[in-house]
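Report on the structure given below.
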Amino acid sequence: MNSLYTAEGVMDKHSLWQRYVPLVRHEALRLQVRLPASVELDDLLQAGGIGLLNAVERYDALQGTAFTTYAVQRIRGAMLDELRSRDWVPRSVRRNAREVAQAIGQLEQELGRNATETEVAERLGIDIADYRQMLLDTNNSQLFSYDEWREEHGDSIELVTDDHQRENPLQQLLDSNLRQRVMEAIETLPEREKLVLTLYYQEELNLKEIGAVLEVGESRVSQLHSQAIKRLRTKLGKL
């Protein structure tokens, strides 16, 4: 780490930039796989580069936050801001996501337990196949919850990444009270949905690998993930 400081003990911003440029590509590739093919990698890289530049310029080691943690916030946030500015998610998909979350919340409040897919589909007035397709569509749009957290809770609650661990938008929240609520809410999820979140965010398995564990296809894993995120949103909204 000494190479990042000048002889006078001042952080060398140029060296910091050079060392962490690969992080921009890493985050861009992780994000791109969850986005429509129309989203270009170069656009994400450009936005992420601006985010890294902001991180280099604004980082204050005295605040006690590791630079990697801070940089990931800035890089990923810049990429999401770019996506948001283009409004790439169709309004119908946003509307469906809200309707699904609302139906789940209403049912679980009425039933006092986790609602089944069939029950949610019936509440929405659609068949199970259409409901599962809706889950797929909304899962592709929600950026695995990061953007949804920012929309609901604002920039005052940031997602953070440990230096040695993949970014985890469900558990690593700066606000300790909210983190505890998230963990408690995850424990109440149906076992398969809880397992999907654990395998993806903690064990770092991809959708294909998770599908092999559950003996289902990737699309089914995506549906389970989408439903789990929506359950968490409704559960956290009641806490």
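Any Cβ shown, glycine's included, is placed from N, Cα and C.
Database features, via Swiss-Prot:
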REGION    16-88  region 'Sigma-70 factor domain-2'
MOTIF     43-46  motif 'Interaction with polymerase core subunit RpoC'
REGION    96-166  region 'Sigma-70 factor domain-3'
REGION    185-233  region 'Sigma-70 factor domain-4'
DNA_BIND  207-226  DNA-binding region
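Outside the DNA-binding region (207-226), and at least 6 residues removed from its termini, the chain residues within Cβ reach (under 8 Å) are 132, 135-136, 138-140, 142, 144, 192-193, 195-197, 199-200. Taking H, G and I as helix, E and B as strand and the rest as coil, DSSP gives the region 'Sigma-70 factor domain-4' (185-233) the counts 39 helix, 0 strand, 10 coil. Model confidence over the DNA-binding region (207-226) is summarised by a mean pLDDT of 91. As a summary of secondary structure, the motif 'Interaction with polymerase core subunit RpoC' (43-46) carries 4 helix, 0 strand, 0 coil according to DSSP.
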